[in-house]
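Engineer: When I checked Swiss-Prot for this same protein, it listed these features:
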REPEAT    55-89  repeat 'PPR 2'
REPEAT    90-120  repeat 'PPR 3'
REPEAT    128-158  repeat 'PPR 4'
REPEAT    162-196  repeat 'PPR 5'
REPEAT    197-231  repeat 'PPR 6'
REPEAT    232-266  repeat 'PPR 7'
REPEAT    267-301  repeat 'PPR 8'
REPEAT    337-371  repeat 'PPR 10'
REPEAT    372-396  repeat 'PPR 11'
REPEAT    402-436  repeat 'PPR 12'
REPEAT    437-471  repeat 'PPR 13'
REPEAT    472-506  repeat 'PPR 14'
Amino acid sequence: MVREALQFLSRLRKSSNLPDPFTCNKHIHQLINSNCGILSLKFLAYLVSRGYTPHRSSFNSVVSFVCKLGQVKFAEDIVHSMPRFGCEPDVISYNSLIDGHCRNGDIRSASLVLESLRASHGFICKPDIVSFNSLFNGFSKMKMLDEVFVYMGVMLKCCSPNVVTYSTWIDTFCKSGELQLALKSFHSMKRDALSPNVVTFTCLIDGYCKAGDLEVAVSLYKEMRRVRMSLNVVTYTALIDGFCKKGEMQRAEEMYSRMVEDRVEPNSLVYTTIIDGFFQRGDSDNAMKFLAKMLNQGMRLDITAYGVIISGLCGNGKLKEATEIVEDMEKSDLVPDMVIFTTMMNAYFKSGRMKAAVNMYHKLIERGFEPDVVALSTMIDGIAKNGQLHEAIVYFCIEKANDVMYTVLIDALCKEGDFIEVERLFSKISEAGLVPDKFMYTSWIAGLCKQGNLVDAFKLKTRMVQEGLLLDLLAYTTLIYGLASKGLMVEARQVFDEMLNSGISPDSAVFDLLIRAYEKEGNMAAASDLLLDMQRRGLVTAVSDADCSKQCGNEVNCS
């Protein structure tokens, strides 16, 4: 096709005759469809320079191509120049511009193009359903729900929605978490005598799967089968992902089997989703079984698949296998990304292999990566937990530090009892424009309680409340522990009651803490009361019921 177009251009240069519009359009389309769009642009420019007046569709083909390249400003210049060559732009010309702006994420410019058509009152041309569908698609990608509602009303004054319109609305509503609106649009579509297609169903199924409402998703899937609609790989992927996220791996496998039976070829994303699902359930064997299936299909692992497998193996305590996968990845000429490097660092630290973790960090730098906040936080946390706090501080970077990194370092310093450095870091947080959060305060309070410095711990609690931060279960438990350790049981019980009044439900740990403290001071009645309260809440205690009853002299039935 390209050769034919080039031969035509060669003959044209030797001839004084200009081509007819049909021949010109044919060759421009051939060049664009053969990925020679730049050549088609030069071809059109040559014809114009010869005084030829191209047909509008020739310009439109080139405009569409230029927009898909992302060069929408250049495409606009072409559209605006069309009248100079005796050719008026039509709605197709402007639709390409709207679509181009939306592809670039420039929704405002896309809206302005459509509004210019409306404002012309048909003098230029009227927007059609494609104009609105392109704009709605742009809104959908940017999750601009309010704009969808505005332009719904505008569109209905010009034209009626079609299947594409409804599908786009449904997709937007699902992405915005408005599932009831999505389902309502689905039913409205049917009332308008429009039949939902595979895209419509898939958008809705994906929305319900992501919301965790699998039964509605499955009912839609069954409706698709009932009307004998062919499901595609995207539909199956949405369902499989929904089952995996819920941990329903048997149903995920059944859907995979149905997919194969329907002769829909599973792609890399399907396999990666199932592999991740099994790893999340702690089932490494089945995860590796599906990895073998994936490789037997002749699929090459991409960076995402490698990341899922490495993370899954590390999370299931299979560091040796994860290391082998990283080596296999590098042999395949794929460079691990920042996430994989950080995952491996974290796994090495957790297994006590600090040297290997630090080596992985240096390897990350050697590969040209600049450590991000997650990588630096992992380093600080890992080194500090391995008892080398001062070395960890070396990796602290004020320029990159966020609340997570500050929390990690403050927690480590508090465990070491270095409260002077903690105080200094708190001042740095404010200078950096960050606000200390409850996790930072809780770590500080815990450190002070551990040292028995209850006065400063409660001062910090007051400061925390003054800054509008609510204490959580961990903060209250820490304070109760500090008071109980000092034998201040009246005060400990007051903090416990304050926690209950604030609406926080106690866990087994805080009950056990108080019960043991009461037993230690011989207040068995108070211990028994707490044990009964704990049992009423359905919590399991490490304190023996029999011991409690015995020590109470059987005054209270604790069973």
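Including glycine, each Cβ sits where the backbone N, Cα and C put it.
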Engineer: Can you give me the average pLDDT across the repeat 'PPR 3' (90-120), rounded to a whole number?
Structural biologist: 93
Engineer: Could you tell me what the rest of the chain brings near the repeat 'PPR 5' (162-196), counting residues at least six beyond its ends with Cβ under 8 Å?
Structural biologist: 129, 132-133, 136-137, 139-140, 143-145, 148, 152, 155, 203-204, 206-208, 210-211, 213, 216
Engineer: Per DSSP, what is the residue tally for the repeat 'PPR 6' (197-231) in helix, strand and coil?
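Structural biologist: Grouping H, G, I as helix and E, B as strand yields 26 helix, 0 strand, 9 coil.
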Engineer: Give the nonlocal contacts of the repeat 'PPR 7' (232-266) in its own chain as ranges (CB under 8 Å, at least six residues past its ends).
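Structural biologist: Those are 198, 201-202, 205-206, 208-210, 212, 214, 217-218, 221, 224, 273-274, 276-278, 280-281, 283, 286, 297, in sequence order.
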Engineer: Go through the chain and flag residues at least 6 beyond the ends of the repeat 'PPR 13' (437-471) whose CB is under 8 A from any CB in it; none is fine as an answer.
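Structural biologist: Answer is 403, 406-407, 410-411, 413-415, 417, 419, 422, 426, 429, 478-479, 481-483, 485-486, 488, 499, 502, 504.
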Engineer: Same chain, outside the repeat 'PPR 12' (402-436) by at least 6, Cβ under 8 Å from its Cβ: which residues?
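Structural biologist: For the repeat 'PPR 12' (402-436), the list is 373-374, 376-377, 380-381, 384-385, 389, 392-393, 396, 443-444, 446-448, 450-451, 467.
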Engineer: Should anything in the same chain at least six residues away from the repeat 'PPR 4' (128-158) have a Cβ under 8 Å from its Cβ atoms, list it; otherwise answer none.
Structural biologist: 91, 94-95, 98-99, 101-103, 105, 107, 110-111, 114, 117-118, 164-165, 168-169, 171-173, 175-176, 178
